[in-house]
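K.L.:
The following feature annotations were taken from Swiss-Prot:
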- 1-21: transmembrane segment (TRANSMEM)
- 33-53: transmembrane segment (TRANSMEM)
- 70-90: transmembrane segment (TRANSMEM)
- 102-122: transmembrane segment (TRANSMEM)
- 129-149: transmembrane segment (TRANSMEM)
- 215-235: transmembrane segment (TRANSMEM)
- 249-269: transmembrane segment (TRANSMEM)
- 296-316: transmembrane segment (TRANSMEM)
- 321-341: transmembrane segment (TRANSMEM)
- 348-368: transmembrane segment (TRANSMEM)
- 412-432: transmembrane segment (TRANSMEM)
- 505-525: transmembrane segment (TRANSMEM)
Amino acid sequence: MLVMLSIGLISLLVAIPVFSYRITPNLFNRITSVVLIYSALLAFNGLHIESLASGVGIYSGLFHVTTVSVAIEGFLLFTGALILLGWGPVTEKTIARSSTTVVPTISEYSLMILFTSMGATLLLSSSDLVSMYLSIELQSFAVYILATLYRDSESATSAGLKYFLLGGLSSALILLGTALIYSYTGLTQFESIYTLVQVTGSDSAANSATYSGGVTCGLLLIGIGFLFKVAAAPLHNWAPDVYDGVPTIVTSWLTTMPKISIFVFLLELQSGLEGSFESLSLIFGDETSIDIWKNLLLIASVLSLIIGTVVGLSQYRIKRLLAYSTISHVGFLLLALAINTEESIESFLFYLIQYSLTNVNTFLILLAFGYIMSTSKSYLLENVNKQSVNSTDIQFIDQLKGQFKENPLLGLSLALCLFSMAGIPPLIGFFAKQMVLYSSTHGGYYFLSIIAILVSVISASYYLKIIRVIYFDSQDTQTDIVYTSASTHTVNSSDTPTITNVHSLLISSLTMIIVLFVLQPSILLNSCHILALSLFYY
């Protein structure tokens with residue numbers, strides 16, 4: 001799988017500067033998506049290796065391949081391919097008619113996607129402090145460049161600069177944590193660190209105190225750095241500005257792919273902490289380090305649930321609203337991760353998978369709305385948002401007024417995605433939240449369960465606000481008058497553009513998964529159950 005990604009990466013590095021004038025950026029994206037799909041198939045094929053159950057160390061122990069890491073690698077690469085396949089804006093007829101209405105495609109986009117995918121897959125299997133830091137930086141640097149690819153857009157460049165500066169701060173925290181752990185233990189491999197601290201903790205209190213403070217503080221710094229990168233509250237302030245400033249096609253990547261790799265890495269780190277750090281105590285208290293780690297995740301979970309829901313109520317820009325929605329979902333993921341039982345890990349994996357698919361489908365639908373609206377009404381959609389160089393982006397919720405009448409299937413698909421995010425039965429999002437809440441109540445976290453239920457009810461209001469705008473609000477006729485008075489070219493009704501067949505197939509397939517999951521839930525649920533058991537019994 002890594003070999004396939006490396007071959008694709010090297011091929012693009014050579015092809016983009018040599019053939020960029022003869023090969024369109026869309027073709028580069030299609031080639032990259034094929035590489036990602038083939039790599040995902042290779043990853044899934046590796047699940048048949050029996051020795052993966054207990055894990056296999058590769059590259060001198062820098063990476064530790066397990067069943068969970070291989071399965072999530074395949075899912076991550078497959079999800080990345082879905083996002084890339086949604087790039088093709090409209091039909092070739094519209095592209096030939098005018099190039100001003102099409103998203104400005106950039107050949108380097110596919111190259112940055114491969115760099116990010118490479119870093120994410122390496123992070124999933126990292127078992128060493130060095131490989132962990134290099135993997136997260138490979139993923140992060142590519143994402144920083146990805147956020148600023150649209151250098152002619154003031155909002156995109158400012159968002160990318162903010163992302164780079166604050167992301168560098170989180171990387172510095174992670175590096176400081178690794179330095180503390182290495183200075184107190186002299187080791188970089190996670191398994192060796194777990195074993196050393198467990199052995200020294202059983203000798204005497206004096207020997208244990210030598211390692212406890214530094215190692216625990218180092219772990220806390222690493223955890224805070226990763227929570228910063230997944231936009232967990234109260235370290236979330238950068239996320240709404242960045243997600244709203246960059247183009248939608250980039251936002252769809254930022255909100256999904258980096259989070260998958262980081263959350264699964266935290267899952268494997270959590271399993272190691274549970275098994276080997278029970279004897280480690282803080283120098284300023286009697287709580288064990290696993291309790292401190294769990295409290296860190298629980299505090300971030302509660303704050304993410306509350307802030308992501310309450311602040312999202314006042315948003316009128318759709319990508320900022322979805323950013324706060326993402327923060328709220330991060331709270332559910334952290335809650336399931338902190339409980340760390342078989343049931344909670346199963347719910348964690350299931351929630352991560354369903355949220356990724358639902359989130360990707362939501363942004364694919366927003367892209368489709370933007371493509372169709374910008375070409376079917378006028379070439380001056382930037383009048384709605386003059387600061388955006390990307391004229392096909394949906395910036396405001398009000399831009400979706402009356403779209404159910406214009407595009408009923410897209411409107412229905414978006415409504416189903418929003419209902420799933422709100423946790424309305426019988427959609428897939430309901431079962432994900434139900435599993436997290438069941439595991440939290442079964443583990444005795446009743447207060448957190450009540451908070452999660454309340455914020456789920458409250459968050460449904462801003463999802464319903466979008467649905468109300470799509471279904472019941474009428475379009476503003478003054479907008480058409482402004483476009484006409486500007487003497488712009490308006491497309492005739494018989495010349496209305498459509499999205500590509502691949503784009504529509506992706507939307508319909510993901511929507512069917514969201515809706516029809518209830519008819520055959522055992523496929524995904526059994527897979528998550530087996531992955532969760534592999535962490536506890538191997």
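Just so you know, glycine gets a Cβ as well, placed from its N, Cα and C.
Set these features in their place in the structure for me.
P.N.:
Cβ atoms under 8 Å from those of the transmembrane segment (129-149) belong to residues 59, 62-63, 106, 108-109, 112-113, 115-116, 118-120, 122-123, 156-157, 159-161, 163-164, 167, 171, 174-175, 178, 181-182, 188-190, 226, 229, 242, 246, 250, 253-254, 258, 261-262, 265 of the same chain, restricted to positions at least 6 beyond its ends.
With a threshold of 8 Å between CB atoms, the same-chain residues lying at least 6 positions outside the transmembrane segment (215-235) that come near it are 136, 140, 166-167, 169-174, 176-181, 184-185, 193, 197, 258-259, 262-263, 265-266, 273, 280, 282, 289, 292-293, 296-297, 300-301, 303-304, 306-308, 323, 326-327, 330-331, 334.
Cβ atoms under 8 Å from those of the transmembrane segment (249-269) belong to residues 66, 68-69, 72, 75-76, 79-80, 83, 86-87, 103, 113, 116-117, 119-121, 123-124, 126, 132, 136, 139-140, 143, 146-147, 149-150, 156, 190, 223, 226, 229-230, 242-243, 319, 322-323, 326, 330, 333, 337, 345, 348, 352, 356, 359-360, 363-364, 367, 535 of the same chain, restricted to positions at least 6 beyond its ends.
Away from its own ends, the transmembrane segment (296-316) comes close to residues 220, 223-224, 227, 232-236, 240, 324-332, 334-335, 337-338, 396-398, 445, 448, 451-452, 455, 458-459, 461-462 of its chain (Cβ-Cβ under 8 Å, at least six residues beyond either end).
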K.L.:
Give residue numbers and ranges for long-range contacts of the transmembrane segment (505-525): same chain, 6 or more residues beyond its ends, CB-CB under 8 A.
P.N.:
82, 85-86, 346, 350, 353-354, 357-358, 360-361, 364-365, 368, 410, 413, 416-417, 420, 426-429, 431
K.L.:
Same chain, outside the transmembrane segment (70-90) by at least 6, Cβ under 8 Å from its Cβ: which residues?
P.N.:
1, 26, 29-30, 32-34, 36-37, 39-41, 43-44, 46-47, 52, 101-103, 105, 109-110, 113, 116-117, 120-121, 124-125, 249, 252-253, 256-257, 260-261, 264, 353, 356-357, 360, 363-364, 367, 371-372, 375, 392, 497-500, 502-503, 506, 510, 527, 531
